[in-house]
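Please read the structure below before turning to the comments.
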């Protein structure tokens, strides 16, 4: 695994974002997909070249001049590169470059077995959908739910919003999904056709996407199954799983599919959750995601929702480059009594949580939703179930305010998520330097649909985002068997420059470190305002790798709203019984946020809310800084 950089937009002022570019240590697998770039000419020329060489072709929407060639006469997965076909393309004078796509693994997450409210719904499973309205059913804790009832009573159901389910397909003929299915926004990238219907298997293993779709957009009051969180929204099927291996082209094409029609992309999959994998998006997918947040939805940005992972306490979602991306909203899960699910991974990049099952409790404590071939289920689970619930809540907020940007949605998530009655047996709830309460597993709490739509309705778009390299430590530092080296880095957060960052959103610690056993490594970072983020926890089960991390961007959301100026502290050490040793080669601090206070212009309706608290802090800070400027001016005149 190695790192790389990608530039993004004028706001970055030429800054390179450090991102993940991966090289697997495993023996490569080659697919029948090729990335082809032409010297000149458009789609017609590409179709001509492809036809002459026996390929099918698709234009890649996120890059000019790049095409996806696929050859149905080749095996979908083989150990040897097809030199004949690659050289055939490379020798064509119209072709600038041709690259056969390597295959890699992506796994569905959480695919495992396990009344009186003033809302009139006649769907038979509605009373079992405790995550929508929890009255204590299935031994749950009353009131511990997504508070969708308040949003629905305000008239918000997700109308005018389309959610794309990137998965193994959806049963769009299902009577509870058919009326809300958006065929125009759907596509099957596994079969290259516009019909993303799941491939049949005897064990129904390809029901994953259909279940996720039902959580979001199942129709209401049709006497079938249950209802979606945003039952007035449209759902699009993007079939891209269910093939021997994933490729960068298929992932990138899925993430960038119809970005002016699809508002929210929901992903309940990622690298293998085995406690030893460090993996994430490749070059094209990173480019597609950057393109999505910059250009999607007419420039407001595509909203990417990601399941944080199902590796449990033996894994860390900061080793997943999708869940830990700044461009995604990473969602964890709680069970219906507020405890953590046994499969929950914890990490500092998780923004919030929703609900799923995950302990051997009441058989009706799973997630009720649609299933294949017109059926219903009570057994959907994992963070796979959590991400679509979040996508549904975000659809309600978008209906309330279609002008919300991808960053607005993250700010709303931080400000309206609630601790409620969530309980993490391992990590305490803490407050960051500006008073925002967070947890290492649950993020800023469980989503509250009612609170989010009410705040979204009056929301003013947050100020422009800037990016600052806060500094870098380049001197190698040995990590002994015992004890933790402490490194410090003092930064002015680019103050006085056009890319000054005053109010933090995301912070990345880009780290290069060698270790005799990567899984025993623990990394913490403390901000100038005293907030400690656990960037990497021990992964005891399987991570025996000696390769360490190479320019890996560990991300934290825990310092949201803080002032980045001052001294940052990085601690590294080994946790475990066997003695280990390592060397920190590099630590670079990347700061992302705004120069002006993001909440100054927001309307406060609840004076006990996090928004009211944050706005008060901002006003006091602005006043203090104004006084300081005045004093300097007066003293300067004297």
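Cβ atoms here come from the backbone N, Cα and C positions, even for glycine.
For 1-25, the entry in Swiss-Prot reads signal peptide, with the evidence type sequence analysis.
Feature annotation from Swiss-Prot assigns domain 'Peptidase S8' to 129-453. Residues belonging to the domain 'Peptidase S8' (129-453) score a mean pLDDT of 96 in the model.
Counting only residues at least six positions away in the same chain, the Cβ atoms of 108, 208, 209, 212, 237, 238, 239, 240, 241, 267, 268, 269 sit under 8 Å from the Cβ of residue 167 (active site, charge relay system). Here Swiss-Prot flags 167 (among others) as active site, charge relay system.
Annotation note: residue 208 (active site, charge relay system) sits in a helical segment as assigned by DSSP. Per Swiss-Prot, the feature active site, charge relay system maps to 208 (among others).
The disulfide bond feature in Swiss-Prot is assigned to 225-376 (among others); the stated evidence is similarity to another entry. Mapped onto three states, the DSSP output places residue 376 (disulfide bond) in strand. Sequence-distant neighbours of residue 376 (disulfide bond) (same chain, 6+ residues apart, CB-CB distance under 8 A): 124, 125, 176, 224, 225, 226, 368, 369, 370.
Non-local neighbourhood of residue 347 (disulfide bond): 308, 316, 317, 318, 323, 324, 330, 440, 534, 537, each in the same chain, at least six residues away, with C-beta under 8 Å from its C-beta. The DSSP secondary structure for residue 347 (disulfide bond) is coil. Summarising the annotation, Swiss-Prot assigns disulfide bond to 317-347 (among others) and lists similarity to another entry as the type of evidence.
Listed in sequence order, there are no same-chain residues at least 6 apart in sequence whose CB falls under 8 Å from the CB of residue 375 (N-linked glycosylation site). Marked as N-linked glycosylation site by Swiss-Prot: 375 (among others).
Residues annotated as active site, charge relay system in Swiss-Prot, with sequence analysis given as evidence: 384 (among others).
According to Swiss-Prot, the domain 'P/Homo B' annotation covers 461-597, on the basis of sequence analysis.
The number of other CB atoms found within 10 A of the CB of residue 468 (disulfide bond), across every protein chain shown, is 24. Swiss-Prot lists 468-494 (among others) with the feature disulfide bond, giving similarity to another entry as the kind of evidence.
Annotation for residue 514 (N-linked glycosylation site): same-chain Cβ neighbours under 8 Å, separated by at least 6 residues, are 546, 547, 548, 582, 583, 585. The N-linked glycosylation site annotation in Swiss-Prot covers 514 (among others) and is backed by sequence analysis.
For 524 (among others), the entry in Swiss-Prot reads N-linked glycosylation site. Sequence-distant contacts (6 or more apart, same chain, Cβ under 8 Å) of residue 524 (N-linked glycosylation site) comprise 532, 533, 534, 535, 570, 571.
Rounded to a whole number, the distance between the Cα atoms of residue 494 (disulfide bond) and residue 384 (active site, charge relay system) is 39 Å. Mapped onto three states, the DSSP output places residue 384 (active site, charge relay system) in helix. Each residue in the domain 'P/Homo B' (461-597) gets a DSSP state, and the totals come to 3 helix, 72 strand, 62 coil. Cβ contacts within 10 Å of residue 494 (disulfide bond), excluding its own Cβ and spanning all protein chains shown: 23.
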